[in-house]
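Asks: Straight from Swiss-Prot, here's the annotation block:
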COMPBIAS  513-525  compositional bias 'Acidic residues'
REGION    503-525  region 'Disordered'
TOPO_DOM  1-21  topological domain 'Cytoplasmic'
TOPO_DOM  43-138  topological domain 'Lumenal, vesicle'
TOPO_DOM  159-167  topological domain 'Cytoplasmic'
TOPO_DOM  189-197  topological domain 'Lumenal, vesicle'
TOPO_DOM  219-227  topological domain 'Cytoplasmic'
TOPO_DOM  251-256  topological domain 'Lumenal, vesicle'
TOPO_DOM  280-299  topological domain 'Cytoplasmic'
TOPO_DOM  320-335  topological domain 'Lumenal, vesicle'
TOPO_DOM  361-365  topological domain 'Cytoplasmic'
TOPO_DOM  387-397  topological domain 'Lumenal, vesicle'
TOPO_DOM  419-422  topological domain 'Cytoplasmic'
TOPO_DOM  444-448  topological domain 'Lumenal, vesicle'
TOPO_DOM  471-525  topological domain 'Cytoplasmic'
TRANSMEM  22-42  transmembrane segment
TRANSMEM  139-158  transmembrane segment
TRANSMEM  168-188  transmembrane segment
TRANSMEM  198-218  transmembrane segment
TRANSMEM  228-250  transmembrane segment
TRANSMEM  257-279  transmembrane segment
TRANSMEM  300-319  transmembrane segment
TRANSMEM  336-360  transmembrane segment
TRANSMEM  366-386  transmembrane segment
TRANSMEM  398-418  transmembrane segment
TRANSMEM  423-443  transmembrane segment
TRANSMEM  449-470  transmembrane segment
């Protein structure tokens, strides 16, 4: 009896390691924490940099003038200082107690219009709109740094998982993510925030590629894989859902470090779960040699699916650095609203990934993705029409639902394309999927700020929306991608219903290939 009791934990642990559902839980939690950290900084960084740098520059300037000459305070003249954070000259009106600053690219002292200052005070807007316009580029680069680093690391993580399995890279991702979260909590400068964001990109690459590849390997049936991917992407959606509102509220009422310390604690729990379930010290390479990464990149069907993921997610990625600052300038929104603006998109994304994870397989994943990209484009065109936070609810909700349609359709398609046309080893193909996702989050924020400065926020939305609408018809090519003959033969035996929509022009009843049809593949190729 005593031995049975002592052996019970070990028996439960052994059963847990053999359970596909617990593997799904591990991946769900990893994606949840990754994307909570990904979005929790969205409302914090713009206002944090404003509080730290803009006000610091102006307060130090006024202290200097107060100590040097009493006559300077009474004078309504304007003086200039050199800003240490973006190499620009700042013109400051000395007679205004709050120190309103305007950014100029020259050393000349051009007086700002008095009406702007009066309007800012009446509407409780943040002062220094010029600073916000300059800051939008730096905020965009900071947000994009995570995706850029993930973009660089992914091509190495995919083949690595093929060699050593998914468990060790998954745990390595947790360790790096934990260090990044702690660094965010105690970073007080732009440089440290940039390093923490870059470190997060490395950890996210390990977690995302290994997690999705692991799911594809344990859920071999296409219907089950679609449901599992939808559930896992639900963790991603929940992270996006909770992250921005959680960050804005905690930053407003508790402080900058609080949300990151809470995430660090949750990451520790995830690490303990991985230690129990995944055995991260065990090297378990794939039994079959995977298709080389560059060979997968030559597959036009994989490229079409990757492009769909990239452009759809670019829609929300380009909003992250630009929408909060646009709201600060045009709506005079308080800090807590900057994160809540993304709440409709996150809720609808959570609904979309879970709903269309099942429906997409019935209606056709290519059609689901095509409709999703059209809705993404239309929603982005409607964003600039909003005059307050309530006007953003409809466009953002449509955007989130549509991206959920695209992601829940394209992620299973990537795995199924490998099953049909290549070797069923999934590390490299999900590295490509993650690269596509990261390209959207790298190109969007890094170029969004520059485009806003050049032609304005509304035109940025028009450009991104039109790109999605124009790309959408390409999803039609995923309707019936041809399979390699030998792959189709295997799939026809195992699950004939799965391959019906993917059959080539040749009737499937002639497969599997017999001796009489040896010449046919050469003819088909």
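Placement of Cβ uses the backbone N, Cα and C atoms for every residue, glycine included.
Mind mapping these onto the model and telling me what they sit next to?
Replies: Mean pLDDT for the topological domain 'Lumenal, vesicle' (189-197) in this predicted model: 88.
Listed by sequence, the residues of this chain that lie at least six past the ends of the topological domain 'Lumenal, vesicle' (251-256) yet keep a Cβ under 8 A from its Cβ atoms are 43-44, 47-48, 185, 334-336.
Per DSSP, the secondary structure of the topological domain 'Lumenal, vesicle' (387-397) breaks down as 9 helix, 0 strand, 2 coil.
With DSSP classes pooled into helix, strand and coil, the tally for the topological domain 'Cytoplasmic' (419-422) is 3 helix, 0 strand, 1 coil.
Under 8 Å from some Cβ of the topological domain 'Lumenal, vesicle' (444-448) lie the Cβ atoms of residues 136, 139-141, 143-144, 147-148, 313-315, 317-318, 320-322, 460, 464, all in the same chain and six or more residues away from its ends.
Long-range contacts of the transmembrane segment (22-42) within the same chain: residues 16, 143, 146, 170, 173-174, 177, 180-181, 184, 193, 197, 200, 203-204, 207-208, 211-212, 214-215, 218, 228, 231-240, 242-244, 246-247, 259-260, 263, 266-267, 270, 273-274, 277-278, 320-321, 324, 338-339, 342, 346, each at least 6 residues beyond the stretch ends and with a Cβ under 8 Å from a Cβ of the stretch.
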Asks: Given the cut-off of 8 Å on Cβ pairs that are 6 or more apart in sequence, determine whether the transmembrane segment (300-319) and the transmembrane segment (449-470) share at least 3 such pairs.
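Replies: Checked: the transmembrane segment (300-319) vs the transmembrane segment (449-470), in contact.
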Asks: Taking contact to mean 3 or more CB pairs closer than 8 A (sequence separation of 6 or more), are the transmembrane segment (198-218) and the transmembrane segment (449-470) in contact?
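Replies: Counting Cβ pairs under 8 Å (6 or more apart in sequence), the transmembrane segment (198-218) does not reach the transmembrane segment (449-470), since there are fewer than 3.
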Asks: Of the stretches 139-158, 228-250, 257-279, 336-360, 398-418, which racks up the most C-beta pairs under 8 Å with the transmembrane segment (449-470)?
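Replies: The stretch I would name here is 139-158.
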Asks: For the transmembrane segment (228-250), name the stretch out of 139-158, 257-279, 336-360, 366-386 with the most CB-CB pairs under 8 Å.
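Replies: Top-ranked stretch among 139-158, 257-279, 336-360, 366-386: 336-360.
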Asks: Does the transmembrane segment (336-360) reach the transmembrane segment (139-158) with at least 3 CB pairs under 8 A, where each pair is 6 or more residues apart?
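Replies: Counting Cβ pairs under 8 Å (6 or more apart in sequence), the transmembrane segment (336-360) does not reach the transmembrane segment (139-158), since there are fewer than 3.
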